[in-house]
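Visitor: Right, I'll just put the structure down here and ask away after.
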Amino acid sequence: MEHKVICVLAVVLMLAFGSLAQAQAQAQAQEETCIMAPRERINCGFPGVTAQQCTERGCCFDDSVRGFPWCFHPMAIENTQEEECPF
């Protein structure tokens, strides 16, 4: 009985760590898409938009640069398809 409990606990921990790793990877990917030159930003909000309202729209928020949109669409990441080697 004790071995079954340990096995179940091990499976639950592995699933939890897997979910956590996936969430961190998605968060990192989101951050990477928001990094761009201010002149490349395409407005996604409205005057006076808050960071929370902006992120709820699925957009990026950065109010550190005046004169450019603070709430803006994330940069699209191009999916690079794997090429098969002709070997």
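Here, residue 1 is simply the first one shown, and the rest follow in order.
Glycine too: its Cβ is placed from the backbone N, Cα and C atoms.
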Visitor: Please name the cysteine among C7, C54, C59, C60 that Swiss-Prot pairs with C34 through a disulfide bond.
Guide: C60
Visitor: Check Swiss-Prot and name the cysteine among C44, C71 that pairs with C54 in a disulfide.
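Guide: Out of the candidates C44, C71, the one Swiss-Prot links to C54 is C71.
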Visitor: Can you check how the pLDDT averages out over the domain 'P-type' (32-75)?
Guide: 93
Visitor: Reported in the order helix, strand, coil, what are the DSSP residue counts of the domain 'P-type' (32-75)?
Guide: 12 helix, 5 strand, 27 coil
Visitor: State which of the following disulfide-bonded residues has the fewest other Cβ atoms within 10 Å around its Cβ: C44, C54, C59.
Guide: C44
Visitor: To the nearest Å, how far is the Cα of C34 (disulfide bond) from the Cα of C59 (disulfide bond)?
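Guide: That comes out at 8 Å between the alpha carbons.
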